[in-house]
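Per TrEMBL, these features apply:
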type	residues	note
DOMAIN	8-136	domain 'Glycosyltransferase family 28 N-terminal'
BINDING	14, 15, 16, 117, 177, 276	UDP-N-acetyl-alpha-D-glucosamine binding site
DOMAIN	171-315	domain 'Glycosyl transferase family 28 C-terminal'
């Protein structure tokens, strides 16, 4: 007998959409079907254990191919809806959600949205008027009715951890899903300068093309450093860190703050609707870390930010105790099943 899935969970595009969606889909087990596209199916080398259906939709950046793949994706979703008759369809955003939500609207299925960033993405914005509930991970820059702040669903290993007692200051640099030139050799040179007066241990995630150059740089400067283009245990790396330097994607922020580490967040300036800036501004406004815009990024500004965090560490740690997305997955499930 074919399994009937009570809920569809749709997401795609970037990790900020995909990872929280997977946390919910995996928590649903055989009650939920995760719907995405081929590219997102393999995003971040993540092994998906939830039931999954892959649509033929392609990235909206490839406009012609997106248009000709849209209708087949709607039709495939309609077929899934007819077979399973889901009680609710939840979108986490990204281009694969457009055909899913279109099919949901045509069949009058209950629509739920989850927005991880402080600025809603384009697909979620289109369907907000049709949503039963709009769940948000971070407070929105502009207030919207019918929102419920659930936090961003995270993997089970992301939980508050005591601040480490390292013999050296451990700095974790997270370059982001595609790596970052600013968060590559530029940061490494500044950390080498900072290490002249502070003993450092560095963990550095960077572009694959930069790994060898960074490893050689740290060796030449006699710095203890672990460098890789990908770590499959980022929560452990965050737990071990005294300070994290990162882009300000919503899931990175949620993981870092939930574990309880102060961060220096450098928004990606080309992010859609400048959402990374507003994500980092939320952190800075609430004194859980520091916003450092890329246009203001210098040796002096980064060292000043690190010194500010370490000088005021008890203050930052106290503020971080007020933030946790540990229960976000359950909150989303409760709303979806209500």
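Just so it is clear, glycine is given a Cβ too, placed from its N, Cα and C backbone atoms.
Keep in mind that TrEMBL annotations are predicted by a computer and have not been checked by a curator.
Most Cβ neighbours within 10 Å among the binding-site residues 15, 16: this distinction goes to 16.
The helix, strand and coil residue counts that DSSP assigns across the domain 'Glycosyltransferase family 28 N-terminal' (8-136) are 65 helix, 26 strand, 38 coil. Just so you know, the Cβ of residue 117 (UDP-N-acetyl-alpha-D-glucosamine binding site) picks up 29 other Cβ atoms within 10 Å once every protein chain is counted. For the binding-site residues shown (14, 276), fewest C-beta neighbours within 10 angstroms: 14. The average per-residue pLDDT of the prediction over the domain 'Glycosyl transferase family 28 C-terminal' (171-315) is 95, rounded to a whole number. A helical conformation is recorded for residue 276 (UDP-N-acetyl-alpha-D-glucosamine binding site) in the three-state DSSP classification.
According to DSSP, the secondary structure content of the domain 'Glycosyl transferase family 28 C-terminal' (171-315) in residues is 76 helix, 25 strand, 44 coil.
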